[in-house]
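In what follows, a single structure is set out as structure tokens and then discussed.
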Amino acid sequence: MASCVVKNWQGETVGSAELSLKVARPETASHILYLALRRQMTNARQGNAHTKTRAEVRGGGRKPWRQKGTGRARAGSIRSPLWRKGGVIFGPRKREYNLAMNRKERQLALRTALQSRVEDLIVVEDFQDQLNPPKTRAVAQALLRWGVMEDQSALLIVAERSEAVERAVRNIARVKLIGLDQLNVFDLLNVDWVLITTSALEKLKARWGSGAAAAAPTQADRLEDQAQAAEREARPVEQAEGQSQEQEEQAEAQAQPEAPPAQADQANQVALANPQVQETQEEELAQAQEREVQGQAELAQEAEPLAQPPAGEEAETAAAEEEDND
């Protein structure tokens, strides 16, 4: 838990405020801040740099001269990257610079960055009523009273942005005004001083303070989550299409499923309970057995002539045996 001073519009110290946020462990704090900074700075890139290749440059469809016989180097197009006004090799192309980060990690990095600036944090009382009419000179003098020198930068965090405060601050280049819902890691770490109003601090403590309930996602978090979900849906779904095709084939193969065993048993029981059905089954079984017996008899008759040798061969065999005996 850390404490910071509370100052009024005249620059007088009127009290102190405590700030206790759930932050990352010391051994991982620098890495989580690095990830959040890299994500924020990368997502800020537009990625509009784009060059044309030799296929996109206008012209160059005709071969400048014939392949052989001129004594000159071979050339197939006047828009070759080697030629003047030709295409560009490996130039920048339009692309999306998007890095995703879990919502809880983003919130942890934000709390860690804010808690790390406690020594440079100044709580000021709400001064919206003092800007009537809004004057840049009044805010510049108040910054000096609060301890922000002319060569130092500051981040002013308010609960809700008002037209009076914006008009009074927008012409001071070294001061950046943001609402509590616009809090980000880069702005917290990129200034010399962090100024926050008392109303913004109370909302911040109610949202992220120790003992507070789990923070609900802000509108920016919801928009980013929706963008990430849309990006995931836009990615190629070849694997999903292959799986769906396999599922369709399996569904077609199983279009005519076999009857369950319970249903088959039930059908057999119904057939046995009907005498006519039972007699028909017995007759079919007897006919099948008769056909099987007849087929076996026919096969036996066909095999008998093949097993007996011819009569002439029997006589020759007998004569040969008698000669051997003599």
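Cβ from N, Cα, C; glycine included.
Features of the protein shown, as given by Swiss-Prot:
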COMPBIAS  60-71  compositional bias 'Basic residues'
COMPBIAS  221-238  compositional bias 'Basic and acidic residues'
COMPBIAS  252-279  compositional bias 'Low complexity'
COMPBIAS  294-312  compositional bias 'Low complexity'
COMPBIAS  313-326  compositional bias 'Acidic residues'
REGION    1-211  region 'Large ribosomal subunit protein uL4'
REGION    44-76  region 'Disordered'
REGION    211-326  region 'Disordered'
REGION    212-326  region 'Unknown'
Where DSSP helix means H, G or I and strand means E or B, what are the helix, strand and coil counts for the region 'Disordered' (44-76)?
0 helix, 0 strand, 33 coil
Compute the average pLDDT of the predicted model within the region 'Unknown' (212-326).
67
